[in-house]
Amino acid sequence: MSKIRVHEYAKKNNISSKDLMTKLKEMNIEVSNHMTMLEDEVVNKLDNEYNTGAEKPSVADEFEVEEKVVRSKKNSNKKKKKGKGNEDKRQDNFAGRQQTQIVETPDKITFSGSLTVGELAKKLSKEPSEIIKKLFMLGIMATINQDLDKDTIELIATDYGIEVEEEIVVSETEFETFMDEQDDEENLKERPAVVTIMGHVDHGKTTLLDSIRNSKVTAGEAGGITQHIGAYQVEVNDKKITFLDTPGHAAFTTMRARGAQVTDITILVVAADDGVMPQTVEAISHAKAAGVPIIVAVNKMDKPAANPDRVMQELTEYELVPEAWGGDTIFVPISAIQGEGIDNLLEMILLVSEVEEYKANPNRYATGTVIEAQLDKGKGTIATLLVQNGTLRVGDPIVVGTSFGRVRAMVSDIGRRVKVAGPSTPVEITGLNEVPQAGDRFMAFADEKKARQIGESRAQEALVAQRGEKSKLSLEDLFQQIQESDVKEINLIVKADVQGSVEAMAASLRKIDVEGVKVKIIHTGVGAITESDIILASASNAIVIGFNVRPDVNAKRTAELENVDVRLHRIIYKVIEEIELAMQGMLDPEFEEKVIGQAEVRQTFKVTKVGTIAGCYVIDGKITRDSGVRIIRDGIVIFEGQLDTLKRFKDDVKEVAQNYECGITIERYNDLKEGDIIEAYVMEEVKR
């Protein structure tokens, strides 16, 4: 008899891999994971266990008995309630008469937010004049309708020997805070896994998505017509898998930045002939930051230069070790263009789903996340929603982000009109008053009026929040957040000009340990700071450290928009010193660098006794005569110094604005080339 893997035996005997692994542990047989090989002796023992087991009562019988018990309980409760009603009323009336005679001081009072003097007096069973007198003795002049803060309320109540408890009231407008609360275990049912495909450019992400869709979705459909709604479902072995049709990092970054966790499993596509590339590393960082299981699909196995062993070797550096080498990462060789290995990949997704046990409660109002949204001339606002919990029905009042409405129509991923959508189901809906953003959370309600009120309140709150935007984690307020126990771990993204600098800086930063707060480096890379780095920092509340590199124009704009702290340095020990001082609360810089503009070198002229004159075009901001400058070539800083001359035509000028040409010479530097970026900056005093 040949050896067999755990998951193969489980499949053969119609049991889950997880149950089988539990059974093996009960039999004192150790297995590391579902890919472990089982010896013949173990297989025989398992056969005996499963063949001789006592018959269990059917699920239908259990359900019937349980239903009878529940019904009998409900009936008994009704009887009790009928008998109690009049008795309770009599007791209440008697208590009311007693209260007019004797007023007892309570042992404990509760409040939320604040109380007026009159409200506090009522809760303490005292006269308002008595409370006003006590406040006067404490040096507080107050009237009966004046609001009192938490400290004053506690001070007065303590004086009477009464305990005070503040109630934290969660507004319905902030439904995100309680929509992810766990349901009771008995209400949870198995749901399909939600999968995102990530990887480097041209490694076959889109081809893989198309290959899965064409082989599974269109089979058996009338005319084979599918509708692109940003997500689709496939059926494998009578089980469904939901794929987000957004290859790349969008499904992770923009959604995670808004607090939405959509993906259950990540498929990391790596070309067998190309190996690990920069965006592959970026994808790994995103998946790990989100805490999502990774399955590696080694693509392009049909190519002559394919070398899967090299891919495995390179990925071990990022803690993705194949099961064949003693790790726990699943590697599946595929050829997306020829459709080879697709079935095996889908089976592995089902296997991970089975082990992870993804569940949801279908018997409640729907909650979930927006995948895509747009404005259509004929239909109005269209939004693709992923139902994550509950069941969404046509006609349900719904709040999506700051918009609201009623679900007028729902269309599935295959273009069919549907009336209901359960957990992990993507649907396209119409009926919202505004276009929401990808990553916005949604919740269905029982009452349309209530949904409208909550939607309008959320829109108003978002407007107020936008005016007083709260910044992300920054070095200036780091110590305060540590003191308030808000920060136990500091997330950093490190970018440098060469790999050696990245490794040296990462190693030095990891050694910092102040006040029990650890440094966690969530991503490292070589080259300029990109928009993708800023979005990852925003989603993970991280600080970006740049060593000898600069952010590009898009990254700079996104950093300002997302309030991400970007720190740029040219000396390693200063980076370490700055982080350490910030963690100790000693960081107190007097000046802050402010980049005021960038100019691109379009042409160079060499003039005797003058040096190199750069004919430039100002592409962003402005260049001023008294600003410091740095020369950036291919995203790397190669020189830093001062302007020597700044001219428009033949005239010396104080500044040149955006979209104008100028002539620039730089002190003690003549090696200017076409395509170089001259970045101008000034040092501004920072108020503390």
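Note that Cβ sites are derived from N, Cα and C of the backbone, with glycine treated the same way.
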Which stretch does Swiss-Prot mark as region 'G3', out of 105-108, 125-128, 245-248?
245-248
Write down the single range among 143-146, 299-302, 515-518, 667-670 that appears in Swiss-Prot as region 'G4'.
299-302
For the region 'G4' (299-302), jot down how many residues DSSP puts in helix, in strand and in coil.
0 helix, 1 strand, 3 coil
Can you tell me how the residues of the region 'G1' (199-206) break down into helix, strand and coil by DSSP?
2 helix, 1 strand, 5 coil
Looking at Cβ-Cβ distances, which residues of the chain lie under 8 angstroms from M301 (GTP binding site) while being 6 or more apart from it?
A272, P308, P333, I334, S335, E340, G341
Averaged across the region 'G2' (224-228), what pLDDT does the model get? Just tell me the whole number, please.
47
